[in-house]
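Undergrad: Questions regarding the structure given below will be posed in turn.
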Amino acid sequence: MFQVQKELASHEAVVVALFEEEKTSSFVQELDKAFEGQLQVLLEEKELSTKKKAISKVHSLGKTDVKRYYFVGLGKKESYTTETLRSALGKTFKTLQAAKVQDAAILLDSFVTEKLDAIDVAHIAAEVQGLGTYELQTYKSDKKDRVKLEKFTAITAEDAQEIEAALTVGYVHGRATNSARTLVNMPPNVLTATKLAEYAVELAEKYDMDYKVLEKEEMEELGMGALLAVNQGSVEPPKMIALIYKGKEEWTDVIGFVGKGITYDTGGYSLKPREGMVGMKGDMGGAAAVLGAMEIIGELRPEQNVIAVIPSTDNVVSGTAFKPDDVITSMSGKTIEVLNTDAEGRLALADGITYAKKLGANYLIDVATLTGGVIVALGNHTTGAMTNNEELFEQVLEASMETDESIWQLPIFDRDKERVRNSKFADLNNSPGREGHAVMAGTFIGEFAEDTPWVHLDIAGTSESSGAHDLGPAGATGAMVRTLATLVERFGEE
């Protein structure tokens, strides 16, 4: 699909950058020779806009071998960022898709500044091409296939091999994020814990990873009472899924991802209202993020050891379901008083984290659609983070900044630990109350990380979008897929 060339050839569409202070850039001047000065007139008349994310279409009318030019406004260079570029190109690729363009090119060097080099631009362009044109996988009987971009050429004076490599990495990042989106959007009667495990196994086999899928009997032998408690009410068997990627000869320095895999959450006996239950098919967004990251890792093969653990079940009501006031024993041996069956994700993660440590994880990053509290605190565009290790958090933060996936650190104080340890009947309670809800959930999970360096990522607000946006349609976003993969890539380079 991707090509790199030094000269512009015949294309249906060519994408060109426009900065506010460079209306007469060398790229525009060169094109304007064929247009006999008409582009400059359009700029002066403001029919070609330099405003951020403005897209101006100009037909060549046979003056060049290119049918149409799409000029992308990027605003002032001083405020130009990777986020600006991602949004602008996302909107551009949506526009190209709507116009049924199959062969497009980008004047890559027109997007290059002192802040962003050609490799950065190539990576982002290939990544965003996939993200911006992602389509929901529906179950409608009258599906209509859209015309898709078949050929995309980067026009640049830079080294072709380096640009091709950047295009490949960007494409893989975008494709894997879309894989995660598709998982999150799937209905719960289709994506059960069993089906999620089958997907994970297929992924592992494709990329020659080791894997384990623990069945209920094996979980009982290992004492995974927290995950098993959540599963008690279900007719669907639980799964503890583990993917093992060996990027080094020695099994050391292992990053452990733990993704919440609750395939549907009714709240259990602490039942959600209808409004709160619809959409809970997406409560396995953490699992999807982890699997998306493992797809990238499998494709790009970084020199880093990684484990991905996914505790998976649904949380439903029945005569056998667990109840408020139950006391359960986790795999770690710690006992938990259940005060809220709708705080089930942290129970599943407790056993998931303990299992990841058993498999050799030296660093832990858990990802979960965990609390409504994080949405109240940070909204729908920022993932909440908590940690017991500032050095590891800084590495996660740097990866998130590189991918433009915003995260914000929430605190853990001793008084928070006291609240989750406040139980007359057990070592911990799973829901100390509404106050500081997001912090309480993260603090509870930290009790199982113990001294292992750990970062918690609550994607309840960022896992899905209520409306269409520059990087995709309404629905799942694939939050944290690219951040997790970038973290591993950076670890592997050290």
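For all residues, glycine too, the Cβ spot is worked out from N, Cα and C.
Heads up, here are the entries from Swiss-Prot:
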ACT_SITE  Lys272  active site
ACT_SITE  Arg346  active site
BINDING   Lys260, Asp265, Asp283, Glu344  Mn(2+) 2 binding site
BINDING   Asp265, Asp342, Glu344  Mn(2+) 1 binding site
Undergrad: Using a Cβ-Cβ cut-off under 8 angstroms and a sequence gap of six or more, which residues of the chain neighbour Lys272 (active site)?
TA: Asp265, Thr266, Met280, Asp342
Undergrad: Looking at the binding-site residues Asp265, Asp283, Asp342, Glu344, which one has the fewest other Cβ atoms within 10 Å of its own Cβ?
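TA: So among Asp265, Asp283, Asp342, Glu344, the binding-site residues given, the one with the fewest Cβ atoms within 10 Å is Asp342.
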Undergrad: Which chain-mates of Lys260 (Mn(2+) 2 binding site) that are at least 6 residues away have a CB under 8 A from its CB, listed by sequence?
TA: Asp283, Met284, Gly285, Gly286, Ala287, Ile310, Pro311, Gly345, Ala348, Leu349, Gly352, Asp366, Val367, Ala368, Thr369, Leu370
Undergrad: Taking the Cβ of Arg346 (active site) as centre, how many other Cβ atoms lie within 10 Å?
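TA: Excluding its own Cβ, Arg346 (active site) sees 29 Cβ atoms within 10 Å.
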Undergrad: For Arg346 (active site), what is the secondary structure state per DSSP, taken as helix, strand or coil?
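TA: In three-state terms, Arg346 (active site) counts as helix.
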Undergrad: What other residues of this chain sit with their CB within 8 A of the center of the CB atoms of Asp265, Asp342, Glu344, the recorded Mn(2+) 1 site?
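TA: My list of surrounding residues reads Val230, Ile262, Thr266, Gly267, Gly268, Ser270, Lys272, Asp283, Asn315, Thr341, Ala343, Gly345.
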